[in-house]
Each structure stands twice: as C-alpha cells, then as structure tokens.
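Pulled from TrEMBL:
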{"type": "DOMAIN", "residues": "B:25-174", "note": "domain 'Casparian strip membrane protein'"}
{"type": "TRANSMEM", "residues": "B:31-50", "note": "transmembrane segment"}
{"type": "TRANSMEM", "residues": "B:81-102", "note": "transmembrane segment"}
{"type": "TRANSMEM", "residues": "B:114-142", "note": "transmembrane segment"}
{"type": "TRANSMEM", "residues": "B:162-188", "note": "transmembrane segment"}
2 protein chains.
Amino acid sequence: MESQNKASLPVMDGLERRVASRSEGARTCDLLLRVLALVLTLAAAIVLGVDKQTKVVPIKILDTLPPISLPVSAKWHYLPAFTYSVASNAIACSYAALSLALSVSGKKGMMSIVVVLDLLMVALLFSSNGAALAIGLMGYQGNSHVRWTKVCNVFGRFCNQVAVSISLSLLGSIVFLFLVGTTSLRLLKKSK
Amino acid sequence: MESQNKASLPVMDGLERRVASRSEGARTCDLLLRVLALVLTLAAAIVLGVDKQTKVVPIKILDTLPPISLPVSAKWHYLPAFTYSVASNAIACSYAALSLALSVSGKKGMMSIVVVLDLLMVALLFSSNGAALAIGLMGYQGNSHVRWTKVCNVFGRFCNQVAVSISLSLLGSIVFLFLVGTTSLRLLKKSK
C-alpha cells in the first residue's frame, strides 16, 4: 500500500502542476486580452473624437443668384451615432482599465461582476458599432429613396477617419466577445 | 457511528433534492427564456418585414412648374439597416428554435456550442438594433448638418411600425443577454 501511495504521488503532482500552469496561462491570456481591448477602444474613441474637417463648398442661397463659396465643417458630434460611439468606446476603455486592475489584484470575489460587465460591454460596443456603421455607410453611399445625399465625396478625410475608428471599435468589441466566450467555456469545462 | 450515518442520510438526501430541484428550475427558466426570445425576434422580423406605406406626395420636378402629386412608397428594404435588422432577427429566431430543441432533448455535449451561439446572437442582435435605431432616429429627426431631412412626418405609420419592431428586437436581445449572463453565473457558482 505504501509503495502504491509513493508511486501515485509524483503523478498527482504532475497533474496538479499541469492544471496550475494551464490556469496561469488562462490568466495571462485574459490579462493580455484586456490590455488589447483597452488599447483598441481608447484608439477608437480618440480617432473619432478628434475627427474634424473643414472645406470650402459652393452653396446656393437663392435660386436667382450664383452659388457662394463658404467654409463648411464636418465634426464627429454633429451626428448622434458618432457621439454614442465615442461615449461607448470611452466607457469600454475605462472598464477595461478597471477590470485589468481587478484581474492583477487577483480578487476572486469580483469574478461574477467582471463576467456580467464584460457581457454588458459586448452589448454596448456592438450596438454602437451598428449605429456608427449604419450612419457611416449612409454618408458614403447616400439613399435615393429617402433623398439623403452622400457627404463622403466632399468630406473624404473625415469619412476615412470614421472608418478607421469603426474598425478599431469592431476589433475591440470582438476582443470583449472573445473574453466572455473563453471565460464561459473555461467555466463550463471546470464545472463538468 | 451507525446512528450518525443514519442521521446524516436524510440530510444528504434533502441537499441532493434541493440541488436537483434548483437545477431543474434553472433548466425550466432557460427553456422559457428561449421561447420568449423566439417569440420576440419572430415578431420583430415580421413587424418590420411587412412594413410598407404609400402616400400621395406633392413633388416639384421643374422649378418653373407647380408641384405634381405622385404616389410614393416607403418599404423596409429601401434602407440596408432595416434589411440587416430583419435578417438578424430571422437568424436569431431560427437559432432560438434550434437551441430550444437541443435544450428539450437534454444533450449535454452541445452545451459549449449553445453558450458560444447565444453569445453570437447577443452581438448580432445588438449591432442590428444599433443600426436600425440610428437610421430610425434619423428618419424621425433628420440632421441639418448633413442636410438629411426627416421622413417620418410624411410616413408616420411606417416609422411607428419600425419603432415597434426595434422595441421587440431590443427586448429579444436583452433576453439573449440574460440567457448568457445567467448561464455564466450558474457555471461560475458550480465551478467554485
């Protein structure tokens, strides 16, 4: 019996070490994903938050008069969808920093709050991406049915910056989606 | 010792029964939420998918001629955001029916796929809600900066139907969010 116990000990030790190393690996991966989410959402908020372009455009004030050239500005906060996108990315970025601090501190009691807030960030970011993309595409293409003309042929740089911000925000939201997915699958594996 | 064992048996039985009843309760709640998600997303897709309004509107073809009254139609598929919303709700509805069948069959091996697909439905539905809401609000309010005029003053019934569909879709996406949240928290509790 004693020899059996002795023989099984190194096996158990190896198994425990493997489990501990896997858990450590998962934690490192979680931390890296949170850093990535922070960087992407911060960049998305900044790129859209500083977006502004002024152009001199010929405008017809009266039908009987020739058009007058006037400077016209395009600013991100002129469209509510872009304001929502900047706000959502700023919230997600702040939360990523907070959750990173919580993860580094290793407080296990906060895990349920982090899981719920990660999920809320997925909902928040995907809804703002949908809104910004819908308005951005309308700016690129216009729509003849509702007579909304495209504006990106005039404000090209402004629109390109919007596209970059939406792409960064989309990547950030995919990182949050990945965070929730991997956590759920890990918990599912653990609970079996 | 024997009497101790006998005394502890009913306690263990009670505990097991309580755990089993809780697990059964969680399963019933999960099934009900899936039925609710199915109904809400199906209703959202139908309400928007049949949305159409025709009105006689005075249109000016030439500046020198008086406006001519012509019938103009508003249809849901004229705007890509609404097409995306109908498609997303149809996908979420079909998935809700599929996941309901999987849950009823009680196949435990499919749990990880269901968790991942529930999460993808949250992302899909929230992005389509954001897109439809952004375009819907633009239709209600218009935007003077990009010179997109509001259309809901003309097509009131059409816009109201869009609002009902977005509300239903939003409720459906909250149900999916709730499903992912409760599953994650239940798994977290189990894994402790």
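For all residues, glycine too, the Cβ spot is worked out from N, Cα and C.
Beyond the ends of the transmembrane segment (B:31-50), by six or more residues, the same chain brings 76, 82, 85-86, 89-90, 92-93, 96-97, 99-100, 103-104, 121, 125, 132, 161-162, 164-166, 168-169, 171-172, 175-176, 178-179, 182 to within a C-beta distance below 8 angstroms of the stretch. Outside the transmembrane segment (B:114-142) by six or more residues, the chain places 37, 41, 48, 79, 81-82, 84-85, 87-89, 91-92, 95-96, 99, 102-103, 148-152, 155, 159, 162-163, 165-166, 169-170, 172-173, 176-177, 179-180, 183 with a CB less than 8 A from a CB of the stretch.
For the domain 'Casparian strip membrane protein' (B:25-174), the number of residues in each DSSP class (helix H, G, I; strand E, B; coil) is 107 helix, 18 strand, 25 coil.
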